[in-house]
Amino acid sequence: MRKDVRIVLAGDPDVGKSTLITSLVKEAYVAKVQKVVPPITLPPEVAPEAVVTKIVDTSSSPEHRANLEAELRRANVICIVYSISAPSSFDRIPTYWLPYIRSLGVNVPVILVGNKIDLRSGDVTNAALEDELAPVMAEFKEVETCVECSARIPLNVSEVFYFAQKAVLYPTAPLYDSREHVLKPACVDALKRIFRLCDSDKDGLLSDGELNDFQRKCFDTPLQAQELEGIKDLVVQAPIAGLRYNHENSSVAASGSSANGDIPSHHPHLREGSLTMAGFLYLHTLFIQRGRLETTWTVLRTFGYGVDLSLQDSFVKPAFAVPPECSVELSPNGYQFLTDIFEVHDKDRDGALSEEELDSLFITAPDNRHPWQGTGFPTSTITDEHGAVTLQGWLAQWSMTTLLDHRTTLAYLAYLGYPSFPLSGSSGSASTPAPIPLTPTGPPGSRPSRNRTPCPPSTITALKLTRPRKTDKKKKGAIQRSVFLGFVLGAAGSGKTAILRNMVGKRFANAYEPTQKMMSVVSTVEQAGAERYLVLQEFGSRYEAEVLRNTAKLSAADVIVFVYDSSDTNSFSYISNLRQQYPLLQSMPSLFVATKADLDLAQQRHEVQPDTYCRKLGLKIPGLGAGPLNISIRDGQSADLYGLICTIAVDPKGAVQGGYDRNALSYGTNRWQFWGYIGLVVIGGGGAVWICAKVLKVPIGSTLGFGSSASTTSWWLSGAQARGAGGPNATKVSSWFDWIRWQSSSNVRSEL
C-alpha cells in the first residue's frame, strides 16, 4: 500500500494555484500570496489511508520551465487549475497542458480544477458542465474528474486535494472504461472471484447473511436492515433491456420473489430476494460512476488485490520460514477450512468430490485448475470406487502438498478464500474508524467517511511448524509429528510402484510399466492408536540419482524403504550398491522390504544374504527385528508395511545402522581408537594392518565396509575414488580404510 502522495498544481498564470494552497493551509482566504509557495506536507491524520501528502506549487513562466517539468515527472497526481473567469485558461487545457504533459511521458491521474467560481456570472446547470467537459475527458483518459471551487468564499478547497488523493489511492483507470462506461475485464474477473468466494453455500446468490458476512469482512461492520433494502431497491431499478422496474411503495427486501408481483422472477440482478453476480457487478459500477471508488478498492484490497488487479505477492506468498530439521503441516484451522470447502462443494452429498465438483471448487484459482496437474491426481490419494476424491483423500492430498511444498498450499489457500467467514469472524472494535457505507448514498462526488483499507487475512495461520527432529529425539525419542515422508528405492521391476498404489487402495497391475517420472502418494495410516499421514515417493531411474545426490532433499525423508524382488537373484545387489554409492543413506532410518513373496525365493548374488545383511547393520525394528519384511502385493499380504514405516518414523532409533546416535562416535569414547588405527596405517603400513587384524580377529579380506557416519564415509569414499586409477592395490587400500572406519564404530557388533 502506498505511504505518500505527491500532488503537483500546474496551469496558466494568475489562475489561483498559490492562493488555493495558501487557503488550504490557513483555512481562510489570503489576498496577497507568494507567486510560488514552497511545498507543504499534510500529516497522515488528514488523509485517506493515513498517507503523507505533499503539495507542490509550480510556475508556468519560461524561466521556471525546467523546474516545472521536473515536478510534473515526480508527481503522483496533477491538478491543472484554470480560472472560470478566464475561459481561455480552460481552452488551453486540451490544446496545450494535456498534450504537454503527455509529451513528457508522464502517465498519472489528472484533476481539472475550476477556480474562482465566485466570479461566474449566472447559473450553470450540471448538464451544461458535463457537455463542456465530456469532449476533454473522452480524448484524454487520464482526466479523472473536475472540481469547481473558490478560494475567496471559500468553497470546495479541501475537496480539490481530497479528490487528488483519491485519484492516487483509488485510481479509476484500472477499474473502469470511462469511454465505454463499463467495468474493465480485469475488474470484472476480480469481482466475480470475490462474489464466488462470498457465496458460502455456492448457490450462485448472495443472501442477506452472506452480504452481511461480506460487509463485516470488508468494512468491519454489519449492514442495517434499511441498507440491505436500499441495495436491493437500487439494483432492481436498473434498466434491463430498455425496461425499468419501479417499486414505489413496495419493499424489495421484503418481497423476496415474484409471488407478490413486485419483482419479475427473471430479473438478472435479484433472484429469490438474493443478489446475483450481475447485480453485484452492477452495484460496483454504480459505486464508481458515483465517485465511490474507495468502496470498490476496499473490497478488492480486502481480498488481496493490488493496483494492477492481480493478487499481491504478500498475500499469495507470505513469509513463512522453516528452520532446519523442521517440517510444515496443516494447523487445525487449515484442516477445518479444507473440510468446510470440501463439504460445501460436495453437492450430491456422497462424501466424495467428482471431477465436476473439483472444477467448481477450483474456479477461483488461476486458470481454474488444481495445483496437482501432471502428478497423477486423484490416483495419488484415496478415492471411492468411481475415482472421486473422498474427504480422507482430500485432506491427505493437502497434507502431502504442505509437507513437500508449503508455498503451494499457502498460495492455494489464498486462491480458495482462506479463512472462511466463520473462521474470520468479526474483528470490530470501538476504536475502528467508521467504514464506507456499502450503498452509494449521497450526491455523486460527495465525500464519504475516511477509513483504512483492511489487509487480507494471513494464510500462515493455516499452517504450523513441527519441532526439530533433534528436539524430539531428546524427548524420549518419539517424534511428535503427524505427516511422514518415505522414499522408496530399489531396482526396476522390484515392486515399488505396486507398494505405492496399494497404499491408496488401487488395484494390482499385472502388466509391468517402468516408472518414467516421480510418483507420490499419500494415505492415512493407523499407528499406535493415532492417525498419521504417510507420503511415499518413488523417483524412477531418471530422477533417482538426482534426488540421492541432493543432501537437502534426501535429509527431508523420515524413512528410506529399500525394496528388492525376492525372486530375482540380482535385485538385492542394487540396493546394496546404492547404499555404498550414496553414503548418506547409511545414516538414515531404513526398512528393507522383500517383495513378491508369492513367488519362489531366489538366492541373492551378494556377499551375504539380505537377512544377514540386515542383522549386521544392527537393525532392531519393533515388531520385525532386523528384517527384511516379506510381502506380496499381488496376494494382498502387506504385513502392516505402512504402519511399520510410520512406527520407524515416530521412533527411528532401531532402524538406523548401529543405532541412532552413531554420528557422535568421532567425539565420544572411541575417538582415540579411531585415530589410533589411522596412525597405525600411516606409520606401519601393511604390517600394522596385519597386527590390527590379528588383535581384533577380523579376516584380512573383509570388504563389508559398513560406514559409521555419513561424513566419515564420504571422506574415505572420495579418497578411494582418487586412488582408483592406481590399479588393484588401490582397491585393497580402500577396502582396508573402509574396514578401519567400520571397526571404529562402537555400535557394530563383533560378530561381523
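Just so it is clear, glycine is given a Cβ too, placed from its N, Cα and C backbone atoms.
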*Where Swiss-Prot shows Asp346, Asp348, Asp350 binding Ca(2+) 2, which of Glu329, Glu357 is named for the same site?*
Glu357
*Top Cβ-contact partner of the domain 'EF-hand 1' (186-221) among 2-170, 333-368, 481-651 (pairs under 8 Å)*: 333-368
*Measure from the Cα of Asp350 (Ca(2+) 2 binding site) to the Cα of every one of the binding-site residues Gly493, Lys496, Ala530, Ala597, then give the nearest.*
Ala530
*Do any residues at least six apart in sequence from Gly490 (GTP 2 binding site), in the same chain, have a Cβ closer than 8 Å to its Cβ, and if so which, in order?*
Lys496, Phe562, Val563, Tyr564, Asp565, Ser571, Tyr574, Ile575
*Listed in sequence order, residues with CB under 8 A of Ala530 (GTP 2 binding site) and six or more positions away*: Ser482
*asked:* Cβ within 8 Å of the Ca(2+) 2 site centroid (Asp346, Asp348, Asp350, Glu357 excluded): which residues?
replied: His345, Lys347, Arg349, Gly351, Ala352, Leu353, Ser354, Ala388
*Other C-beta atoms that fall within 10 angstroms of the C-beta of Gln527 (GTP 2 binding site)*: 20
_Neighbour count, 10 Å Cβ-Cβ cut-off, for Lys496 (GTP 2 binding site): what number do you get?_
24
*Going by C-alpha distance, which of the binding-site residues Gly493, Gln527, Ala597 is nearest to Glu357 (Ca(2+) 2 binding site)?*
Gln527
*asked:* Within its own chain, what residues at least 6 apart in sequence put their Cβ under 8 Å from the Cβ of Gly493 (GTP 2 binding site), listed in sequence order?
replied: Tyr512, Pro514, Asp565, Asp568
